[in-house]
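Structure, as structure tokens:
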Amino acid sequence: MVVTTTSLPLFVLGQGVDPHSERGVDCPGELPPASDPALVARARKAKEALGDRLFVLGHHYQRDEVIQFADVTGDSFKLAREAAARPEAEFIVFCGVHFMAESADILTSERQKVILPDLAAGCSMADMATFDQVEEAWEVLEDAGIAGVTVPVTYMNSSADIKAFCGRHGGAVCTSSNAKRALDWAFEQGEKVLFLPDQHLGRNTAVLEMGLSLDDCVVYNPHRPNGGLTDEQLRNAKMILWRGHCSVHGRFTAENVDDVRARVPGVNVLVHPECRHEVVTKADYVGSTEYIIKQLEAAPAGSTWAVGTELNLVRRLGTMFPDKTVMFLEKTVCYCSTMNRIDLPHLVRSLESLAAGQVVNQITVDPETTHWAKVALDRMLALP
Ligand code: 13P
Ligand code: SF4
């Protein structure tokens, strides 16, 4: 197999391995046909056969056909904690994306095996910050004389080696449920934060939750010399935001919010902090996927909600809360394509292989990366 090492590799029909990407893009093996009417029964049988040796985690953006088999569902923070709290499970099947499975491998013991049912389930946002780019950016900060006072904080949605970079340089990981606490901690350690890779979560948290101004934030573009910034801009900034975003949440616009308010009087607008700043400032409520569910749970019957997050979750909210009206904030935004790669045939293949004594699609992080990434993850888990 030819391994491409350019920063923008092209893979024929999705096959190949990109050593610079957070995702595996090669998922070999025979899948059961999606049309097999026995898939649900097969998954159930394999799961029963594995018993307590198996623990299945499901992110809220997973398909219903998969989420029905999750022992626990959650946002990325909750799932990281759940993975760390299951030392008895020999197999952790992670129905989510690659960076989540990597984090589970880092937080579990060597004896435990973490399985990602489709190795091609990566995350386009995580791929927007590669290790080489981040190392280069750090050199830029060193040359500007500010690396010593800068704390790197990476969103969970990043590769294990970016998390390890943060661990090595005195930084931490955060998720959308604890970004403010992580930034409070980071500003106690240093004067500036390099926030990776989601500029929107970084900006929204800094400006809307911590009282920083938009002028305190600069955007570092890894594709431009010096990040596209002068040394003076870097020295004046408090938040150096990486130029990354979520391809799903980044599509909601401020016009979507205006539009739904004009069409639906009294509507509550509830969005994820990966949305752009102008969307979040126009919304009524902002928070992680777990927060979004709790908001709807607590909402009065008869209330109406326009939700700006991934479509699988919004649809599920509609069925979970039939006494409330739940609508999608923008009709042309679609599912997260990589989350959706985990489907019933992939889950069945993983579970049946494990039940037959064959471990497929295992995610392993090398010991050195694990060590430093765990330092950064543990700093997050220890946040007050
Ligand atoms: P949370 O699970 O932290 O809400 O993040 C959403 C997301 O985009 C996960 O990929
Ligand atoms: Fe990545 Fe966005 Fe998909 Fe989450 S929803 S996995 S951040 S592309």
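Cβ atoms are placed via backbone N, Cα and C, with glycine included.
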Check TrEMBL: it lists His59, Ser76, Tyr155, Met156, Asn157, His272, Pro273, Glu274, Thr289 as binding iminosuccinate. Then name which of Ser35, Ser176 it lists for that same site. Ser176
Please list the binding-site residues from His59, Tyr155, His272, Cys336 whose Cβ falls under 6 Å of any atom in ligand 2. Cys336
Would you mind reading off the Cα separation of Glu274 (iminosuccinate binding site) from Cys246 ([4Fe-4S] cluster binding site), to the nearest angstrom? 7
Can you list the residues of the same chain, besides Cys123, Cys246, Cys336, whose Cβ falls within 8 Å of the [4Fe-4S] cluster site's Cβ centroid? Tyr61, Val97, Ser124, Met125, Ala126, Asn157, Ser247, Val248, His249, Glu274, Glu310, Thr338, Met339
Which of the three DSSP-derived classes (helix, strand, coil) applies to Asn157 (iminosuccinate binding site)? coil
